[in-house]
Amino acid sequence: MASQSQGIQQLLQAEKRAAEKVADARKRKARRLKQAKEEAQMEVEQYRREREQEFQSKQQAAMGSQGNLSAEVEQATRRQVQGMQSSQQRNRERVLAQLLGMVCDVRPQVHPNYRISA
């Protein structure tokens, strides 16, 4: 009977060691999964940062050229407005004199299509 008891004890100890090994294996697996998840998250973050930086550089290049274009258009518009204002100042008196001459200098005459019925 003692040998049976000793055999049972050995079986229980072997079962306990097997359960400990299984538990350790599960813990190692959980740690590996957690580590793999963290590494994957870091890779995703790094990729996202790279793509964001690439997008920002492309956006800056596109917006930079648009900024230059808008500045050039603004400057050209100012030059045209200044040219129109100077032209208006130069021609103002002459145009006013012409307009007043046409309005005030009335020459009455019979229209060529008018027929005198007699």
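Glycine too: its Cβ is placed from the backbone N, Cα and C atoms.
Taken from Swiss-Prot, the feature compositional bias 'Basic and acidic residues' covers 35-55.
The compositional bias 'Polar residues' (56-69): residue composition by secondary structure is 14 helix, 0 strand, 0 coil, according to DSSP. Positions annotated as compositional bias 'Polar residues' by Swiss-Prot: 56-69 (among others).
Long-range contacts of the compositional bias 'Polar residues' (78-89) within its own chain (CB-CB distance under 8 A, at least 6 residues past either end) are absent; none are counted. What Swiss-Prot records for 78-89 (among others) is compositional bias 'Polar residues'.
Residues or ranges marked as region 'Disordered' in Swiss-Prot: 23-90.
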